[in-house]
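According to Swiss-Prot:
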type	residues	note
COMPBIAS	1-10	compositional bias 'Basic and acidic residues'
COMPBIAS	11-46	compositional bias 'Acidic residues'
COMPBIAS	67-101	compositional bias 'Acidic residues'
COMPBIAS	478-487	compositional bias 'Basic and acidic residues'
DOMAIN	116-194	domain 'RRM 1'
DOMAIN	196-278	domain 'RRM 2'
DOMAIN	292-368	domain 'RRM 3'
REGION	1-101	region 'Disordered'
REGION	452-495	region 'Disordered'
Amino acid sequence: MSDARDNDDRVDFEEGSYSEMEDEVEEEQVEEYEEEEEEDDDDDDVGNQNAEEREVEDYGDTKGGDMEDVQEEIAEDDDNHIDIETADDDEKPPSPIDDEDREKYSHLLSLPPHGSEVFIGGLPRDVGEEDLRDLCEEIGEIFEVRLMKDRDSGDSKGYAFVAFKTKDVAQKAIEELHSKEFKGKTIRCSLSETKNRLFIGNIPKNWTEDEFRKVIEDVGPGVENIELIKDPTNTTRNRGFAFVLYYNNACADYSRQKMIDSNFKLEGNAPTVTWADPKSSPEHSAAAAQVKALYVKNIPENTSTEQLKELFQRHGEVTKIVTPPGKGGKRDFGFVHYAERSSALKAVKDTERYEVNGQPLEVVLAKPQAERKHDPSSYSYGAAPTPAPFVHPTFGGFAAAPYGAMGAGLGIAGSFSQPMIYGRGAMPTGMQMVPMLLPDGRVGYVLQQPGMPMAAAPPQRPRRNDRNNGSSGGSGRDNSHEHDGNRGGRRYRPY
């Protein structure tokens, strides 16, 4: 469990720094799981046919009869076998879940859904769980309050996790509690960073989505969405991996634990099961909890700001419409700013549809600029950095990992708007990286103001052998006495 870090940055939501949304791309987490070549199905059919012929011949030798009699006898045996299998299928119970599993499933599904728990930071050290309960009960029904304490001293760490019964109440808590004064301190409130999405690899590539779904739903409860990635060159086959979304973290972790067991197989394959990096959501940070702007895409050409204002003002007061120029001088997107966040939330409800001149618009909440640095597919405007997520146990009793955590080799670094100088943060404004040829033939890069002359390469230090080659005759040991005067200035090199 990691300690919370105080972050006193403030977000300027009126600053108009905008950037265009790119097409969202699924994170590539599967390079090591893709095979280079597929075995030819025809070879398998031939092999099976040859094996069947050998089996018939062996059977005929054992019976001592001719081949026609043997084939008739095999056909009769097959008919009997099919009848027996059909009878067995009819006798199977409708569900493989026993009473113990059914009770466990009910418990997992009774826990609050994903997105119903909030993180509260910046708490005074003398605040107890009852104080937090009194603070949050005014907002809505609480499922659980967990104040994080030091394991050794038992003192409060200054942050807590509060699980509400529903996601709507959790969102309301973020709006009301973030930046609120509580017992003399300004507290922070954002969604708790738990995971509810699994990546599953090494799936048989001939499986259909229905076959895969049946197996996954038998493993555990709470499956909400299954995305089995299809092979683009052959739609009858999959690429060997999938993403599964669960009702909450507890359901996801229950299934994960069962599937990583060495005895669990997918048609003989041992699956790879890890937490998937979630698709970004505008509600996942304290800064985003204050967003009052919409990102609107597919705006027809020559659409005026007055048309957009008239379209969206039915949800509340619109303070301004911003339509920045896009790439190549064309613009098909814009930002609608409301006076209240509640108006923006109403505007993005699933029941709302928008059209201009018969063309449907895409409307979502805008994102702060800081979040876009880690999500190149997002759409954003100026904002300051937000607190980092925290690793903590969830109310389901299972350990959770933070969103975007680098784990299992699946994390993919986000893009940055400018190069990073390791250990020094972002590159200073106005500077650029300039290539420079080093004496040993390698190419290095240095920071330099634009228009400045190329930086000179540092002089190459003579090698040890070169220093000894200055005098003729004698061994290197003898000649080294000539350089005793300089030995004191040389760095000691043990190897």
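Glycine is no exception: its Cβ is also placed from the backbone N, Cα and C atoms.
Counting residue by residue with DSSP, the domain 'RRM 1' (116-194) contains 20 helix, 30 strand, 29 coil. If you take every residue in the domain 'RRM 2' (196-278) and average the pLDDT, you get 93. Within the domain 'RRM 2' (196-278), the DSSP-based counts of helix, strand and coil residues read 22 helix, 33 strand, 28 coil. Across the domain 'RRM 3' (292-368), DSSP classifies residues as 21 helix, 26 strand, 30 coil.
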